[in-house]
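Working notes, beginning with the structure itself.
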């Protein structure tokens, strides 16, 4: 994603039906989150529409005018200190990791995979780190709404490459 951002650029985008941004296509919400209305069933696989390369009707900028580009993209080494240095210098990083069944049931605390089969992969944003009762962790923003985990965030054990999270870290310069 970072490389695409640097080479191809991305438009402003935004939440479903948000105004004042370029949305070449929309994905409606699904399921139920907190006190929001029920939006219909969520499906495991949603077909990605072909990008129209146009903004929605009524938006004042052309697609090409709305594009923003990153300056560079890079992969970080599988090294806690290198990841921490990059976050301190450039801000959050993106990490891919292997998802197991127990992750879907996370509510709070420091997540460490203990049970269940692999269900796929996922990308998240590592925004910081800390320690709780001597256990080091990454502080991570997830994309599964604020009714998941710790208000949309979670903590994952740091320093043992849990679910391979420390070997699949990417970042870029905006």
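Placed from the backbone N, Cα and C atoms, the Cβ positions cover glycine too.
Per Swiss-Prot, the features are:
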- 122: active site (ACT_SITE)
- 142: active site (ACT_SITE)
- 22-55: disulfide bond (DISULFID)
- 30-42: disulfide bond (DISULFID)
Cα proximity to residue 30 (disulfide bond), best match among recorded positions 22, 55, 142: 142
For residue 42 (disulfide bond), the three-state class that DSSP assigns: coil
Largest tally of Cβ atoms lying within 10 Å of a Cβ, found at which of the disulfide-bonded residues 30, 42: 30
Three-class DSSP secondary structure - residue 122 (active site): strand
Cα separation, residue 122 (active site) to residue 142 (active site) (Å, whole number): 9
Pairwise Cα distance for residue 42 (disulfide bond)/residue 55 (disulfide bond) [Å, integer]: 26
Listed in sequence order, residues with CB under 8 A of residue 122 (active site) and six or more positions away: 96, 97, 99
C-beta crowding around residue 142 (active site), within 10 angstroms: 19
